[in-house]
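Enquirer: So TrEMBL lists these for the protein:
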TRANSMEM  16-34  transmembrane segment
DOMAIN    95-488  domain 'Major facilitator superfamily (MFS) profile'
TRANSMEM  140-157  transmembrane segment
TRANSMEM  163-183  transmembrane segment
TRANSMEM  190-212  transmembrane segment
TRANSMEM  218-237  transmembrane segment
TRANSMEM  244-262  transmembrane segment
TRANSMEM  376-394  transmembrane segment
TRANSMEM  400-424  transmembrane segment
TRANSMEM  436-457  transmembrane segment
TRANSMEM  463-483  transmembrane segment
Amino acid sequence: MVEFGDLISAVGEFGLYQKLVVLLLSLPLLLNPFQMVGQVFMVVDVPHYCNTDWIRAVGPNLTEEEQLNLTLPRDADGEYEQCSMYSPVDWDLDSIMAYGLNATEKCSNGWVYPTAQQPSLLTEFDLVCDRKDLSDISQSVYMVGLLLGAMIFGPLSDRIGRRPVLLISILGQSLFSLAIAFLPNFIVYMVFRCIMATAVSGILITTLHGGVHYRDSVLITHCFLATGQLVLAGLSYGIRNWRLLQIAGSAPTFALFFYFWVLPESARWLVTKGKIEEAKKYLKKAASINKRTIPPELLDQVQPWHENKSMKTQLNTYSIPLNFRFMDSLVYYGLSLNVTGFGLDIYLTQLAFGVVELPGRICCIYLLQWFGRKKVQAVLLLLAGLMCLIIVGIPEDQAVAITVLAVIGKFAACASFSTSYVYSAELFPTIIRQSGVGLCSMAARVAGIIAPLIRLLEQYHKAIPMAVYGSATVLGGLLCFLLPETRGVDLPDDTVTDNPQKK
């Protein structure tokens with residue numbers, strides 16, 4: 001039985017056909033950062049105070065400053081309290097001005113945002129004071145959707161194929177992402193984002209499509225993710241109305257519907273499912289585009305591979321050490337979602353995050369070739385974790401120093417993220433690769449759910465979130481040294497492969 005790697009060699013290791021496929025798989029990722037962290041720019045904190053229009057019933061001619069002086073308490077710095085007001089009374093205006101008000105209560109009639117010019121999620125749905133945590137909870141709900149998507153689309157793509165799953169996911173993301181821009185309620189908004197996230201997860205899983213000779217093409221697709229970070233910075237800076245921003249970040253995906261006619265199925269998957277003739281059709285097409293010819297005797301030797309009873313055992317064996325994906329995801333989202341907390345302009349910080357992501361993804365291609373998967377994964381995780389731990393010890397007024405450390409940490413985190421996608425895909429045989437990658441993705445999504453919730457701990461101490469992100473990531477880096485090296489090892493096609501061959 002012919003090895004699939006021999007077929008790829010005959011077709012052309014990374015010719016025009018493969019490059020076109022990589023391009024098609026990469027385009028949906030351009031807007032992925034918007035779906036992931038775009039909400040951060042819709043909930044930027046602005047000055048606010050309780051709506052105290054009740055006093056207008058007895059003092060319709062009061063100036064705004066007089067109204068605030070009479071109805072709002074002040075904090076220790078002499079500024080108006082943002083989350084409390086004096087309790088309304090049934091007195092006339094003269095009595096209120098003569099005796100003043102003492103009893104306070106939480107805002108009971110909404111808030112006023114004096115400096116807000118464009119509607120944002122924060123101002124439209126009052127995500128302040130007791131409702132402030134809803135923003136981070138919403139991010140966790142989104143990550144729950146990613147987890148559900150990993151559970152659904154990983155096995156589903158093994159069952160029905162990569163192509164239909166990717167097409168379904170693109171359609172789902174397009175429809176629900178655009179619908180979000182027209183929702184009137186924040187709870188419904190969270191539900192729709194959760195559903196959209198399942199589709200986003202399907203896209204992420206199915207874009208892990210590569211063969212033994214061009215597995216690093218996964219990193220090329222991740223360069224589109226990095227470019228998407230720059231797109232996010234530009235969109236969020238130029239469009240401050242959250243509904244228009246949501247439309248701008250969603251509508252372009254409808255242009256990908258032409259994939260229905262041009263996107264090919266994975267020939268390797270077709271062979272594992274016994275669809276030999278269809279696989280041969282795609283292999284011949286690839287060879288034709290690459291201006292190569294596959295020897296007929298080689299095609300005649302193509303035979304299907306079948307599952308065996310060792311599948312579950314091998315899946316469990318490989319999955320245990322891959323829990324480092326949890327730490328990897330934790331620090332990546334921990335830094336990405338905290339873009340408003342480093343002290344500098346958030347749009348400038350996001351731009352810096354995007355600028356360093358591109359070289360971070362690109363350098364992975366060479367680092368993995370020179371030093372192997374295990375060492376690169378471990379060192380990058382350790383670097384990202386150490387940056388977070390150093391930030392903990394930097395005074396809050398040193399915004400530039402904190403941001404520089406965060407940018408270095410983001411560089412290491414995104415490079416580590418790309419490495420983990422290649423590494424985890426290489427550790428699984430083809431016949432269970434998508435399920436295995438889906439399982440690893442599930443671990444990463446659990447971390448994504450937890451990462452925004454960890455930020456809630458800053459109400460107890462500002463340093464706690466970064467300390468948790470940093471320490472967990474350092475632990476993940478150390479655990480990487482327990483993993484096997486896969487550089488130069490052919491991808492096993494079936495779970496019976498016990499001794500992978502070196503290239």
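Each Cβ is built from the backbone N, Cα and C atoms, and glycine gets one as well.
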Enquirer: Out of 140-157, 218-237, 244-262, 400-424, what stretch is closest in contact terms to the transmembrane segment (16-34), meaning most Cβ pairs under 8 angstroms?
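Expert: Answer, by Cβ pair count: 218-237.
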Enquirer: Cβ under 8 Å to the transmembrane segment (163-183), counting only same-chain residues 6 or more beyond its ends: which ones?
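Expert: For the transmembrane segment (163-183), the nonlocal Cβ contacts are 25, 28, 35, 149, 153, 156-157, 189, 192-193, 195-196, 198-203, 205-207, 243-244, 246-247, 249-251, 253-254, 256-257, 259-260, 263-266.
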Enquirer: For the transmembrane segment (376-394), what are the same-chain contacts with Cβ under 8 Å, counting residues 6+ beyond its ends?
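Expert: Residues 324, 327-328, 331-332, 334-335, 364, 367-368, 401-402, 405-406, 408-410, 412-413, 415-416, 419-420, 423, 463, 466-467, 469-478, 480-481, 483.
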